[in-house]
Amino acid sequence: MAYPFQLGLQDATSPIMEELLHFHDHTLMIVFLISSLVLYIISSMLTTKLTHTSTMDAQEVETVWTILPAIILVLIALPSLRILYMMDETNNPSLTVKTMGHQWYWSYEYTDYEDLNFDSYMIPTQELKPGELRLLEVDNRVVLPMEMTIRMLISSEDVLHSWAVPSLGLKTDAIPGRLNQTTLMAMRPGLYYGQCSEICGSNHSFMPIVLEMVPLSYFETWSALMV
């Protein structure tokens, strides 16, 4: 959940998002150390007269500033590649949901059930109830079981869209004629909000996504009522 004037990322709900947060902190630490070193060198050069203005060759220094950046890039690339492969991994999903983007709403189909599908439209501001979020509430939430691997198949009926839920670390393009795949797993129950993250027309800002993660027993009851 995002908060007003929030400077950091949303709290992680999935293992992938937790890894992304760790990688974010790891990368920022490296950037902070490099920036501090560069600022220190610049300030030292500006405040002291002990500088070599006639140096023509310094093999040792050139070797250091060639090898050191290479090591830093490796330290950034290794955890990044690890997370990339984790995001592409699919291990026997317990449930598959097909998501279709439209101008300007989402439709969902639970492919493991014979007739469980619905459209999800944004609730207009004038119809919101007290406590509901403007531009983020929908008439039909996507109810999913927590602590289970869920596969999302994402495509579009018309133009480019993008299905994104920040707290789960998800952002997958919805492309007409192409079926993209992503997996998700929420570690705790709750409501998780997202939006279309690809400019898709005049009502692009009015395509919210709401995932309701619930215990398996509640999901089974809900799915039985929906079917």
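Note that Cβ sites are derived from N, Cα and C of the backbone, with glycine treated the same way.
According to Swiss-Prot, the feature Cu cation A1 binding site maps to H161, C196, C200, M207, an assignment based on similarity to another entry. Marked as Cu cation A2 binding site by Swiss-Prot: C196, E198, C200, H204. The Mg(2+) binding site annotation in Swiss-Prot covers E198 and is backed by similarity to another entry. Among the features that Swiss-Prot reports, phosphotyrosine is placed at Y218. Sequence annotations record features per position, and here Swiss-Prot assigns topological domain 'Mitochondrial intermembrane' to 1-14, 88-227 based on similarity to another entry. What Swiss-Prot records for 46-59 is topological domain 'Mitochondrial matrix'. According to Swiss-Prot, the feature transmembrane segment maps to 15-45, 60-87.
In this structure the C-alpha atoms belonging to E198 (Cu cation A2 binding site) and M207 (Cu cation A1 binding site) are separated by 10 Å. Most Cβ neighbours within 10 Å, among the binding-site residues H161, H204: H161 holds that distinction in the structure as shown. In this model, the topological domain 'Mitochondrial matrix' (46-59) carries an average pLDDT of 73. Apart from the site residues H161, C196, C200, M207, the chain places the Cβ of G101, Q103, W104, W106, S162, A174, Q195, S197, E198, G201, H204 no farther than 8 Å from the centroid of the site's Cβ atoms, the recorded Cu cation A1 location. Under the DSSP three-state reduction, H161 (Cu cation A1 binding site) is assigned to strand. Other C-beta atoms found within 10 angstroms of the C-beta of M207 (Cu cation A1 binding site) number 27, with every protein chain shown included.
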